[in-house]
Structures are given as structure tokens and as C-alpha cells.
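Asker: Encoded as C-alpha cells, here's the structure I'll be asking about.
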Amino acid sequence: MSPTSLSVVSGSVIARAPSKVNLHLGVGPRRDDGYHDLVTVFQALSLHDDIRVARASDLTIAVRGEWANSVPADSSNLAARAAVALADWAGRPAKVAIDIAKTIPVAGGMAGGSADAAGALVALAQLWKLDISRDELAEIAADLGSDVPFALHGNTALGTGRGEQLMQVLSRGEYHWVLALAREGLSTPAVYRELDRLRESWSGQDLDEDELLRRPDELMQALASGDPHAVAPLLYNDLQPAALSLQPSLRRTLRAGVDAGALNGIVSGSGPTCAFLCADEQSAVNVAAELSGAGVARSVRTASGPAPGTRVLGDG
Ligand code: C5P
């Protein structure tokens, strides 16, 4: 059954939301509100979650897939919070059944929870036939979490502020990735805290905020050229030392991917997923096969980017 006919038959709407990798993640000092200013380049990846919503007598949430047991199926789930936020905006009760088919790793640094929130927003806006602009949706999204606006937006974008202020980045071509998913997740706040701790311990030197938050022009030029060989050496993540400090075994994972033939490897966002950029699709398949055999990850996936932002499936 196609997604379109499924929508019609059951009165439900399904949205597909992408994961992300940060090609560049520059992190400023901790702000007074606990957040950190960022300059980041996001790329949305084909690894996605599907979020189905249907009218119900109450707000319920169900999660399916490999990661189902690690996700709260209650009102703390970011998709449920998204439903409540959108219902408040629309002045209606959040009576809806949300069903999430998860393939994005949980606590993996790939914005899986943000994808589910973005999916709920887009699917519910359609189910409830709301007259809401993308900008208004993005505002609700930013209140839910720093990465939710990008999950809506997709493609390639420069993120500033907490990561919620987005500007489209010109990117040519398709990039092929191998993702090494870790056995244990990492909590995003814990990784930011570890970065603050490491920075304090690094001889107490003052952080040069301008330098930390410099726009990665060279990377943006490389993306416009469409050449993965130009992009690969420019991958950069300030959170990587913090993620490696909390999960030292990730060093071995990163080395194994490069030894297997990837152009470069990086911790994705706050980790612990490691993302390896490959020369082409065939190379990604080869690297994935070798990495699977190396025993350094819970599981290994291939993905491509940039992927589109969150969208209703089968809606032409
Ligand atoms: O915005 P979100 O709820 O996804 O952020 C989760 C946590 O990650 C925050 O509570 C904060 O500890 C950390 N964070 C940060 N600076 C950012 C984004 C997130 O310190 N720009």
C-alpha cells in the first residue's frame, strides 16, 4: 500500500524526518542561560524516522524499531511535546495517536529526537489542516530544541545562535557516508559539560570567541564545488574531544573507518555516532562492510546527504 493510499484509508498522515551530521561544529563559551553559541554547518542525511499521526481520544505515543526500548513512550517524548505545542498554537486539544518508526539512533548525536518532533509538527499541521507558515512552525520548533528547526529545513544549512537560526548553504552533488552506531548513547548536556570542563583544564587560557565562532568559509566553498575530497579534510567538531573523553573507545572506531578507506571520519554532533565521508557510493559500501567486521560498533549503516527536510509522504 502506498503512503498516499494509507493516508486516505486510515485518516492518518505520515511525515518523514531526516537525521543530520554537523560538517562543522564550532562551539563558543557557555552562556549564562547554560547554552553555547554555535556556528555549525548541518547536512541532513537519508537515515530517517517516519512519524504517523491519527486522530484519537487522547494523546498517545508508540515507538517501533531497533531503538524502541530506549525512547520514552510518554509525554516527555519530544514528538508528544511537539503535538502539545502545536495544539496550543491552534487552540485545540492534542488528541492524537503518534506512532514513530525509528531508525535514527537514540542519544546518537544525529538529532533523532528532533526529527521526531519535526515529523509530528509537519504531520499534525496536515492532519489538522492548519494554516501555519514554515516560519511559524520553525518558531515552535526552536522552542522544542536547538536542532528541531534544522530537522524541518533539511538539505545543508549554516546554523547560528543555539543552532536554531538557519541560512541555506549552497551544496552540489551527493555525499556518501558510513555511520558507526555506538553501543552506548551519550547525553548531549553531559558532552557540553565535558567540553566546558576540558576547556577549563586546558591551562585556563581565555577562549577566543571570535575564532571559535568563525564562519567556515573554506568548507562552504568546498560544498559548493561538490567534491567530497575537498570537503573531507575540513570536517570539524569542537564537541569531538569531549565525546572522546567520555567514550575513549571512539578513537578506535574513528581510526578503523579511515583505515577501511573513508576520506575522513568525525564524531557526529555530541556523539557517539561516528560519521565517515567516503569518495562515492561504492566506497561507502566497502567501508561499511569492513567496519562491520572490525567489531568497533553496535551496527553500521550507509547514508547519503543532503536529504530533504521533513515532509509529508506521498504528498507530491
Ligand atoms: O536545545 P536542546 O534541548 O536540544 O539542548 C539540549 C542540551 O544541550 C541543552 O540543555 C544544553 O545543555 C546543550 N546545548 C548547549 N548549547 C547548544 C545546544 C545545546 O549547551 N547550542
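From the backbone N, Cα and C atoms, a Cβ is placed for every residue, glycine too.
Summarising the annotation, TrEMBL assigns active site to Lys20, Asp147. Sequence annotations record features per position, and here TrEMBL assigns domain 'GHMP kinase N-terminal' to 77-154. The ATP binding site annotation in TrEMBL covers Pro105, Val106, Ala107, Gly108, Gly109, Met110, Ala111, Gly112, Gly113, Ser114, Ala115. Summarising the annotation, TrEMBL assigns domain 'GHMP kinase C-terminal' to 219-294.
Help me see these features in their spatial surroundings.
Answerer: Sequence-distant neighbours of Lys20 (active site): residues of the same chain at least 6 apart with a C-beta under 8 Å from its C-beta are Phe42, Gln43, Ala44, Leu45, Met110, Ala111, Asp147, Phe150, Ala151, Ser268, Gly269.
If you average pLDDT over the domain 'GHMP kinase N-terminal' (77-154) in this model, you get 97.
Take the CB of Ala107 (ATP binding site) and look out to 10 A: across all protein chains shown you find 21 other CB atoms.
Taken residue by residue with DSSP, Asp147 (active site) is part of neither helix nor strand, so it is coil.
Residue counts for the domain 'GHMP kinase C-terminal' (219-294) under DSSP, helix first, then strand, then coil, are 45 helix, 11 strand, 20 coil.
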Asker: DSSP three-state call for Gly113 (ATP binding site): helix, strand or coil?
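Answerer: Reduced to three states, the DSSP call for Gly113 (ATP binding site) is helix.
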Asker: Please list, in sequence order, every residue of the chain apart from Pro105, Val106, Ala107, Gly108, Gly109, Met110, Ala111, Gly112, Gly113, Ser114, Ala115 whose Cβ lies within 8 Å of the Cβ centroid of the ATP site.
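Answerer: Leaving out the recorded residues gives Ser19, Ile104.
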Asker: If I restrict to non-local contacts, at least six residues apart, and a C-beta distance under 8 angstroms, what lies near Pro105 (ATP binding site) in its own chain?
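Answerer: In sequence order, Trp67, Gly112, Leu181, Ala182, Gly185, Thr273 meet the Cβ cut-off.
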